[in-house]
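Chemist: Let me begin by handing over the structure; questions about it come next.
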Amino acid sequence: MEISFLIAICLSLMILIPVAKPQGGLKSGFYSSTCPKAEATVRSTVEAHFKNDPTVAAGLLRLHFHDCFVEGCDGSILIKGSSAEISALPNLGLRGFEIIDDAKTQLETLCPGVVSCADILALAARDSVDLSDGPNWAVPTGRRDGRVSLASKASNLPSPLDSVDTQRNKFAAKGLNDQDLVTLSGAHTIGQTDCRFFKYRLYNFTTTGNSDPSLSQSALTQFQTMCPKNSDGTERVALDKDSQLKFDVNYFKNVRDGYGVLESDQRLWGDPTTHDIVKNYAGTFRGLLGLRFDFEFKKSMIKMSSIDVKTGTQGEIRKICSKFN
């Protein structure tokens, strides 16, 4: 009875908190008159690929994130070329490009020259979260595609090696705060990584030959089994050991319990400010905290997907997402 009352009160408070507003001239339903089936087309395309391989959801979400952190959310990550963003070291493991191309091909048949690749990325990221049992939200649209894509500009992307202060500075440079940092890191509740990106934590942390002390003993044993010392590091490991394909708060429970796969994730537990945010998401009332995380994730995604957007007459609407007009 008391728990039900607490949940009701918390939900009431959540309703009173305003959702983050889009910036830069974006608005929900931007294509309602110019291409009414735009969002449904992206959704059906993502859903078709997701049914064949649910892991594409994490790929599309990461693709949108990496796009927004370089040149803003303008589809610059989609451009192919030896000097383009896509070829930068932090972007080498990105996937999901063929899904964006698939949706774009269909939309060019329906509404030629209307829907931007940048908006397709934003919509596909939302649909991926929704299909993974996460929250759904109205995506503000109206982005235009950028005309610049350079690998040299991708150096400031967040890295698995980053300290919390470094992560904080990189997010702050994009107008995102500590709450956004922890909440968006929660996207790691779906997805995988290669052993090579965290193997140093298991066998040679800080080049001492020891393991990372922030890992729990059970996590260390489990990860060493998954990533043998003499392997090539290409083995795949889930970022959320409990529910890899479900968008939930188990990621935060893992970080709390010393099971953070990436060093940058585990470090969130060691910083006083981010520690408290992780602790709140990972607390006792699983259902209630899931609702809280879902609510905050929607807010943070709307903020992130509004970073340095091109609108109006800026940029272009590409005919093919992988090359400039």
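Using N, Cα and C of the backbone, Cβ positions are placed for all residues, glycine too.
Okay, these came from TrEMBL:
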type	residues	note
SIGNAL	1-22	signal peptide
DOMAIN	25-325	domain 'Plant heme peroxidase family profile'
DISULFID	Cys35-Cys111	disulfide bond
SITE	Arg62	site 'Transition state stabilizer'
ACT_SITE	His66	active site, proton acceptor
BINDING	Asp67, Val70, Gly72, Asp74, Ser76, Glu85	Ca(2+) 1 binding site
DISULFID	Cys68-Cys73	disulfide bond
DISULFID	Cys117-Cys321	disulfide bond
BINDING	Pro158	substrate binding site
BINDING	His188	heme b binding site
BINDING	Thr189, Asp240, Asp248	Ca(2+) 2 binding site
DISULFID	Cys195-Cys227	disulfide bond
Chemist: Select the most exposed residue of Val70, Cys111, where exposure means the fewest other Cβ atoms within 10 Å, treating these as the recorded positions.
Modeler: Cys111
Chemist: Whose Cβ lies within 8 Å of the mean position of the Cβ atoms of Thr189, Asp240, Asp248, the Ca(2+) 2 site, other than those residues?
Modeler: Gly186, His188, Ile190, Asp242, Ser243, Gln244, Lys246, Phe247, Val249, Asn250, Tyr251
Chemist: Report, in whole Å, the straight Cα-to-Cα distance of Thr189 (Ca(2+) 2 binding site) from Glu85 (Ca(2+) 1 binding site).
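Modeler: Cα to Cα, Glu85 (Ca(2+) 1 binding site) and Thr189 (Ca(2+) 2 binding site) are separated by 26 Å.
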Chemist: Given the recorded positions Cys35, Cys117, Cys227, Asp248, which one's Cα is the least distant from that of His188 (heme b binding site)?
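Modeler: So, of the listed recorded positions, the one sitting closest to His188 (heme b binding site) is Asp248.
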Chemist: Cα-Cα separation of Cys73 (disulfide bond) and His66 (active site, proton acceptor), in Å?
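Modeler: Each residue's Cα considered, Cys73 (disulfide bond) and His66 (active site, proton acceptor) end up 9 Å apart.
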Chemist: Cβ within 8 angstroms of the Cβ centroid of Asp67, Val70, Gly72, Asp74, Ser76, Glu85: which residues besides those meet this for the Ca(2+) 1 site?
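Modeler: Checked against the 8 Å cutoff, the neighbours are His66, Cys68, Phe69, Glu71, Cys73, Gly75, Ile77, Gly146, Ser149.
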Chemist: Restricting to the chain of Asp74 (Ca(2+) 1 binding site) and a gap of 6 or more, list residues whose Cβ falls under 8 Å of its Cβ, or answer none.
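Modeler: In sequence order, Asp67, Ala118, Arg143, Arg144, Asp145, Gly146, Asp308, Val309, Lys310, Gly315 meet the Cβ cut-off.
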Chemist: List which of the recorded positions Cys111, Thr189, Cys195, Asp240, Cys321 have their Cα within 10 Å of the Cα of Gly72 (Ca(2+) 1 binding site), in sequence order.
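Modeler: Within 10 Å of Gly72 (Ca(2+) 1 binding site): none of them.
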